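Visitor: From TrEMBL, here are the annotated features:
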{"type": "DOMAIN", "residues": "76-234", "note": "domain 'Glycosyltransferase RgtA/B/C/D-like'"}
{"type": "TRANSMEM", "residues": "9-27", "note": "transmembrane segment"}
{"type": "TRANSMEM", "residues": "65-86", "note": "transmembrane segment"}
{"type": "TRANSMEM", "residues": "93-111", "note": "transmembrane segment"}
{"type": "TRANSMEM", "residues": "117-136", "note": "transmembrane segment"}
{"type": "TRANSMEM", "residues": "145-162", "note": "transmembrane segment"}
{"type": "TRANSMEM", "residues": "174-206", "note": "transmembrane segment"}
{"type": "TRANSMEM", "residues": "218-236", "note": "transmembrane segment"}
{"type": "TRANSMEM", "residues": "286-304", "note": "transmembrane segment"}
{"type": "TRANSMEM", "residues": "316-333", "note": "transmembrane segment"}
{"type": "TRANSMEM", "residues": "339-357", "note": "transmembrane segment"}
{"type": "TRANSMEM", "residues": "369-387", "note": "transmembrane segment"}
Amino acid sequence: MFTKKGKTFIEIFLFLVVLALFCYFRLKPLYLQTVSFTYDQGRDMLKAAEIIMQKNPTLIGPTTGIGGVFHGAWWFYFLAVAFAIFQGLPIGYYYLFFFIHLLAFLVFYFFTKKWFGASTALLLSLLITASPHFVYSSVFLNNSLISYPLFMALTLITIAVLEKKLVAQQKWLFLGLGLTLGFITEFEFAFGLLLIPSYMLLLFLFKNYRQKLLSDKHCFFFAAGLLFPFIPRVLFEIKNRLIQTQVLINFFFHPKYYNPKPYLDVFFDRLKLFADYYSWIYPNKTIQTVFGLFLLLGLVLVILNIKKRKQLPSSLLFLLSLGILLFICSVFYRDNFWAYYYNGILYLFIFIFALILQLPKSFAGQFQYLKKAVIIVLFISILSSFFRDWKTKSPYDGIKVQQDIVSYVIAKKTGSNYCVKVYTPPVIPYTYDYLFLYEHLHNQQPQPSGDWVNGQCFFIIEADSYQFRRDKWLTDNRPKSGQLLSRKKIKDVDIELWKKTN
């Protein structure tokens with residue numbers, strides 16, 4: 001129907017449309033600054049500023065759920081790069097985070113198109129483009145969400161090795177394999193703690209994979225890649241007498257459970273969690289149903305193909321086995337298992353889809369028409385979402401609110417010395433500390449004190465679902481005898497200026 005040039009033009013045009021939609025859904029909240037700015041982001045930005053401004057490097061990262069064990073330091077250095085590039089601009093961190101996910105998306109499309117065909121690449125890229133969870137993972141600034149591009153890279157490398165692609169680059173593939181496993185662990189320690197042993201077990205169980213690892217110095221490249229991300233952690237352990245190692249060993253032998261459950265309940269909880277992972281891939285329930293039926297048909301045809309070929313592709317078997325092992329590992333932990341522990345695992349499903357849809361030639365002709373029909377349905381649904389979003393007024397929310405609060409206080413203050421006290425549910429106001437620091441760096445505004453200045457102080461009072469905590473803080477911090485000079489409400493936050501009268 002179309003010439004080769006015509007098909008190429010259509011493929012490029014459709015990809016550019018998908019790319020534009022990918023950027024729109026993610027850049028809109030960044031441009032309007034409605035992205036979340038929470039305790040964690042404020043704390044981590046302050047650490048990045050400390051690394052650059054005070055030239056104070058660190059060997060450990062944010063805290064994990066295990067007291068005394070930390071994520072890797074690389075997250076802070078990533079933020080330090082953003083601080084340097086954007087000169088401390090708060091939203092600048094988010095733009096760099098988006099750029100990493102955009103780069104990962106381009107890599108994903110390039111290799112899926114090359115290995116699985118343009119229609120499969122387009123189909124899966126559409127899911128990633130419009131899935132609310134994938135959108136969220138691209139714009140919510142958090143160390144564990146870096147696992148998405150890293151796990152995508154890990155899965156690509158696995159397929160490349162097992163399916164004998166990029167044969168001339170084998171040693172670099174094994175280097176990349178080690179690096180991705182190591183960095184996933186350092187960005188989300190819980191994921192790496194379960195992923196590395198699961199992956200290593202399968203690596204040695206799959207004969208072809210094991211032989212490739214043990215040949216031509218590939219093992220050396222893999223080990224070098226795996227160890228490199230842990231260098232800051234190792235230095236920290238040497239300096240501090242293996243303090244994290246001791247805590248971790250104690251945790252394994254004497255785990256502290258906050259909400260222990262019977263194994264049967266844990267099993268069903270994990271089933272629900274993995275079902276949630278699967279559902280998060282889709283933009284909406286309609287697409288989930290349509291794609292699910294399409295995938296089911298593909299699976300049936302794969303099973304029919306097994307009867308002819310007597311085997312599944314090695315990479316499909318490996319990824320399915322990895323998913324099963326990760327599920328089993330999660331069941332062994334009887335306490336709460338938060339969804340973010342496996343951030344990035346959605347790409348495991350995505351690449352399993354790609355391998356299932358890679359059908360033998362005997363079915364390719366008929367199946368391609370159905371695949372194109374699903375692409376059309378996806379396009380219609382996503383474009384409909386785009387037009388609805390375009391017409392919908394964006395909420396007044398996120399970091400924009402906090403910036404407006406800080407701007408109001410700065411405009412209202414008199415003199416270079418002023419006091420600000422903050423009530424926020426997380427207790428420590430890292431968010432406002434960083435915003436005042438940025439105003440100091442960028443606009444030469446003085447930073448506030450936590451002590452009363454000339455008998456006056458601003459109070460920034462955030463809402464709290466536990467009203468009694470807020471009331472107690474106000475009782476403890478407002479003056480016993482004082483005069484309220486001004487009050488303003490910005491969204492659900494009260495800003496008050498008080499003066500002591502005694």
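The first residue you see is number 1, and the count goes up from there.
For all residues, glycine too, the Cβ spot is worked out from N, Cα and C.
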Visitor: Please determine whether the transmembrane segment (145-162) and the transmembrane segment (93-111) are in contact (criterion: at least three Cβ-Cβ distances under 8 Å, sequence separation 6 or more).
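Guide: Contact confirmed: at least 3 Cβ pairs fall under 8 Å.
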Visitor: The transmembrane segment (369-387): which same-chain residues, six or more beyond its ends, come within Cβ distance under 8 Å?
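Guide: Residues packing against the transmembrane segment (369-387) from afar: 21, 24-25, 119-120, 122-123, 126-127, 129-130, 283-284, 286-287, 290-291, 294, 297, 357.
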Visitor: Kindly say whether the transmembrane segment (316-333) and the transmembrane segment (174-206) touch, using the definition of 3 or more Cβ pairs under 8 Å where each pair is 6 or more positions apart.
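Guide: Stretch pair touches.
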Visitor: Considering only the recorded stretches 9-27, 117-136, 174-206, state which has the highest number of Cβ pairs under 8 Å to the transmembrane segment (218-236).
Guide: 174-206
Visitor: Counting Cβ pairs closer than 8 Å, which of 9-27, 65-86, 93-111, 286-304, 339-357 has the most of them with the transmembrane segment (117-136)?
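Guide: The stretch with the most contacts is 9-27.
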Visitor: When the pLDDT values for the domain 'Glycosyltransferase RgtA/B/C/D-like' (76-234) are averaged, what is the result?
Guide: 94
Visitor: Using a threshold of three or more Cβ pairs below 8 Å, and leaving out pairs closer than 6 in sequence, do the transmembrane segment (339-357) and the transmembrane segment (174-206) count as in contact?
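Guide: Answer yes, regions in contact.
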Visitor: Six or more residues out from either end of the transmembrane segment (339-357), which same-chain residues have a Cβ under 8 Å from its Cβ atoms?
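Guide: For the transmembrane segment (339-357), the nonlocal Cβ contacts are 112, 115-116, 120, 123-124, 127-128, 133-134, 137, 142, 144-145, 147-152, 155-156, 159, 184, 188, 190-191, 194, 273, 276-278, 280-281, 295, 298-299, 302, 313, 315-316, 319-320, 322-323, 326, 330, 371.
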Visitor: How about long-range neighbours of the transmembrane segment (65-86): same chain, 6 or more residues beyond its ends, C-beta under 8 Å?
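Guide: Residues 44-45, 47-49, 51-52, 58-59, 92-93, 95-97, 143, 146, 183, 185-190, 229-230, 232-233, 236, 243-244, 247-248, 251, 338.
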